[in-house]
């Protein structure tokens, strides 16, 4: 008997090196059906069928407020690009997509007055529930850098801020192989981190 129904492409488990990364936990939170939907979107945007996408392709992803845009897409690629090729494969993309979903949910949950923006206190809470436990003083400095007048951050600004924090985390963890929270960095490593964040 023939079946004419839609067949989902099987999703293979990610490679072991991917499973050792801090953002693998985002991948593990994705439901099976969501994973197939993400796979379909990924394949539709991967025009050259290379199995990876660039910031130019990723910028078209719509998240709550509209497309990511090239600047945010570039930052997010830097976070999730394990092999530093300037592109992400499907597993990296799926973790990135879930990262954005979690940030968006936490943004909405902390925008208690529904103004469409969040202040430093709300950002601190949203970051904590998103897995970034930073001291409030650091969050306040980041907030004032992103919003010099202190009006609050829209989701697009919050996502860019989180991407910058995640880049710093990824770069730091490259030097903290034992995951102790301590790394030996020289001044050139610091310059690298500053230039990429």
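For all residues, glycine too, the Cβ spot is worked out from N, Cα and C.
Looking just at the domain 'EF-hand 1' (33-67), the mean pLDDT is 88. Annotation source Swiss-Prot lists domain 'EF-hand 1' at 33-67, citing sequence analysis.
Per Swiss-Prot, the feature Ca(2+) 1 binding site maps to 46, 48, 50, 52, 57. DSSP assigns residue 46 (Ca(2+) 1 binding site) to coil in the three-state reduction, outside any helix or strand.
Here Swiss-Prot flags 68-103 as domain 'EF-hand 2', drawing on sequence analysis. Cβ atoms under 8 Å from those of the domain 'EF-hand 2' (68-103) belong to residues 14-15, 17-18, 21, 23-24, 26-27, 29-30, 35, 38-39, 42, 50-56, 58-62, 126, 130, 155-156, 158-160, 162-164, 166-167, 170, 196 of the same chain, restricted to positions at least 6 beyond its ends.
The C-beta environment of residue 81 (Ca(2+) 2 binding site), restricted to residues of the same chain at least 6 apart in sequence and closer than 8 Å, consists of 87, 88, 92. The Ca(2+) 2 binding site annotation in Swiss-Prot covers 81, 83, 85, 87, 92, and the record cites sequence analysis as its basis.
If you look at the domain 'EF-hand 3' (111-133), the same-chain residues 6 or more away from its ends with a CB under 8 A from one of its CBs are 25, 102-103, 139-140, 142-144, 150-155, 158, 161-162, 165-166, 169. Taken from Swiss-Prot, the feature domain 'EF-hand 3' applies to 111-133.
As annotated by Swiss-Prot, Ca(2+) 3 binding site applies to 111, 113, 115, 117, 122. For residue 113 (Ca(2+) 3 binding site), the number of other Cβ atoms no farther than 10 Å from its own Cβ, over all displayed protein chains, is 10.
Through the fold, the domain 'EF-hand 1' (33-67) approaches residues 8-9, 11, 73-74, 76-77, 85-90, 93-94, 96-97, 100, 104, 154-156, 159 of its own chain, all at least 6 residues removed from its boundaries and within a Cβ separation under 8 Å. Each of the binding-site residues 52, 87, 115, 117 was scored by the other Cβ atoms within 10 Å of its Cβ; the lowest score goes to 115. Highest local Cβ density among the binding-site residues 48, 83, 92 belongs to 92, counted as other Cβ atoms within 10 Å over all protein chains shown.
Around the Cβ of residue 46 (Ca(2+) 1 binding site), the number of neighbouring Cβ atoms within 10 Å comes to 18. Same-chain residues at least 6 positions away in sequence with a Cβ under 8 Å from that of residue 111 (Ca(2+) 3 binding site) are, in sequence order, 117, 118, 122.
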